[in-house]
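Q: Let me begin by handing over the structure; questions about it come next.
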Amino acid sequence: MGKRDRADREKKKSKKRHYEDEEDEEDDAPGNDTQEAVPSAAGKQVDESGTKVDEYGAKDYRLQMPLKDDHTSRPLWVAPDGHIFLEAFSPVYKYAQDFLVAIAEPVCRPTHVHEYKLTAYSLYAAVSVGLQTSDITDYLRKLSKTGVPEGIIQFIKLCTVSYGKVKLVLKHNRYFVESSHPDVIQHLLQDPVIRECRLRNSEGEATELITETFTSKSAIAKSVEGSGGPSTSRVTDPQGKSDIPTDLFDFYEQMDKDEEEEEETQTVSFEVKQEMIEELQKRCIHLEYPLLAEYDFRNDSVNPDINIDLKPTAVLRPYQEKSLRKMFGNGRARSGVIVLPCGAGKSLVGVTAACTVRKRCLVLGNSAVSVEQWKAQFKMWSTIDDSQICRFTSDAKDKPIGCSIAISTYSMLGHTTKRSWEAERVMEWLKTQEWGLMILDEVHTIPAKMFRRVLTIVQAHCKLGLTATLVREDDKIVDLNFLIGPKLYEANWMELQNSGYIAKVQCAEVWCPMSPEFYREYVAIKTKKRILLYTMNPNKFRACQFLIKFHERRNDKIIVFADNVFALKEYAIRLNKPYIYGPTSQGERMQILQNFKHNPKINTIFISKVGDTSFDLPEANVLIQISSHGGSRRQEAQRLGRVLRAKKGMVAEEYNAFFYSLVSQDTQEMAYSTKRQRFLVDQGYSFKVITKLAGMEEEDLAFSTKEEQQQLLQKVLAATDLDAEEEVVAGEFGSKSSQVSRRFGTMSSMSGADDTVYMEYHSSRSKTSTKHVHPLFKRFRK
């Protein structure tokens, strides 16, 4: 094959890798996604036409943001571009934060000043939990140090004027379009498409409008002790003067009152045909009145209640309770997404939601291991009988007879190829059931087209998405707002850490100089083998070995992560440590994990990317990362989550968990590392850069001589490009396993002839045929 053809193909591959390096979950095939119907307001941005810009591009907001006289007592700055800055040291910080989490998206939350951003979707979420347009604008004005810019007020009104005013409610197994605004109902009924969706009686006449008054109260009772909410008492200085302006204090009391009081609401509704629900939803979005889905589970007499309750030992933490109150705030179940850090108890939130609804529940995870863990969580926290839990994976297909809780994976339900007879029977059963609640674990990782497939296969009245990292490099994360529902709650990682609900982690980036021989080859080689060179850097190996020895002497439990299987095996075998990767059998995995948990002699294990989200190891308190998936922010946060669980019986000190990311200096790995840290830095974490590990010279470490390093280099150079690739986990979304690629390879992989190289190439054209080719074309062929 010609040099130019190879160069072009390599250029295309590198361009493709540029996008793949960001996030492995965004691998939807182009053209397969149909555009979701969304309200036009969702694409709106804050109008900044009145903002002056100087010659350097800086924006002058002085005329739009005049300071109030008592600005020192108020915690917010509201900028005309929609960004809101909150002073975390303000005496009224707790209240202001609760309000901002409800109406805006967190951008960055370091120690002293937090940044949020108003978006159309965040305002949709605010309306969905009961906030009115006037509430949002009034509260912002009272909390702000300056006047709120008029552009912000108009943007809030535009996004909230119609959203949340119409609900699709399931009562007694019948669907109703309901609103507390009669004029909105009349406006909708003037549309011919909606009139067609309206249910008619036997004479062909439309059913009557139903007017009723109901009392709404949260289905989650607020705990009296330790609710975790901020105190409503005034903050006073030593002289007894209040630091809080009167209007702010009145506003806080009103917020508490609104949350606690029973509320009587008069609604108008009409019944619609069940078979036309999807068409009705699309038409309402087109009319700028998107339907909010609510499930009146207490009045659902068609679907039987299941025998499930929380055990007395299950005690909700304040943030878990608050997230569930957002979901069940008006006595009905709202569909939406709850965002909690890894290790903060997302599973208990899901189990509590199932115990509250008490209808048949379907749980979907992203792997067979997560299915087993969800089953264990239901048995740990609830009174459900083991016979009522049914698993549906490639390995475990429990009989669904008498089942109330079904647990499966996205890939099992979204599978489109031929199934076994047994799997077909279970799928038929799943399709025919009417599920009260669907819990979607790790909801951010699944492409939108997979959701649409899953959501059309099974019918559920309420959908709850759970995740720790609601981030994607593409724009598909916004699809969750209309495929599942708005974000109901997002916790603050630093607050949970300071309260002791998650571990206090010291994050460190360890810079490992490349040895001269390795760096010479790294600069010369342009293939994927560069990844192997900076992963197998002898100085990185020595740093890893030193950290393992240091923490084992402290009796710490250590996990070492490597995405590259070649490096994983080399490190683990050389250090004589057990390792787990894709082909490791389930029995061997469980044996290694049990030894790691309970055997004091096994304090270190090596794990490939299979452990990113599937493994629950609360004993681990040290994590060392030697290779990773490019610049994936999600993976960095998920791996940190392996050591985030609160530590029991640890020595009281500043940090009780450690996260080390080993990076080879002056390589592409450093740029990836900076990208990976963005999400955690935005959550308030700081990464300490270590250029030299104290005491490393005194240890007896591997690869201390030039001869050993040269032998390692020869081993790396003898490896194939296939060895340099990351592990592809079976059943993982976005995996490239179904794609076919052409590579160079050594014959040793097929016949053992190590010195023979097998290459594919096209025979070049005969030299005689180039005599009559114009020189211009010769030039392009070079």
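Don't overthink the numbers, they just go from 1 along the chain as shown.
Cβ coordinates are placed from backbone N, Cα and C, and glycine is handled just like the others.
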Q: May I ask you to indicate which of 6-18, 227-239, 734-746, 760-772 is given in Swiss-Prot as motif 'Nuclear localization signal'?
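A: Of 6-18, 227-239, 734-746, 760-772, Swiss-Prot gives motif 'Nuclear localization signal' for 6-18.
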Q: Mind checking which residues of the chain, 6+ beyond the ends of the motif 'DEVH box' (441-444), have their Cβ under 8 Å from one of its Cβ atoms?
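A: The answer is 25, 337, 346, 350, 363-366, 370, 374, 465-467, 469-472, 477, 480, 484, 613, 634.
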Q: Can you check which residues sit near SER347 (ATP binding site), meaning Cβ under 8 Å from its Cβ, same chain, 6 or more apart in sequence, and list them in order?
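A: Result: GLN373, TRP374, GLN377, TRP381.
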Q: At a 10 A cut-off on CB-CB distances, which of the binding-site residues CYS342, ALA344 has the highest count?
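A: Selected residue: ALA344.
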Q: Count up the helix, strand and coil residues in the motif 'DEVH box' (441-444) according to DSSP, in that order.
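A: Helix, strand, coil within the motif 'DEVH box' (441-444): 2 helix, 1 strand, 1 coil.
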Q: Here the binding-site residues are PRO341, GLY343; which one has the lowest number of other Cβ atoms no more than 10 Å from its Cβ?
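A: The binding-site residues PRO341, GLY343 were compared, and GLY343 has the fewest Cβ atoms within 10 Å.
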Q: Under a three-state reading of DSSP, tell me whether LYS346 (ATP binding site) is helix, strand or coil.
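A: In the DSSP reduction, LYS346 (ATP binding site) maps to helix.
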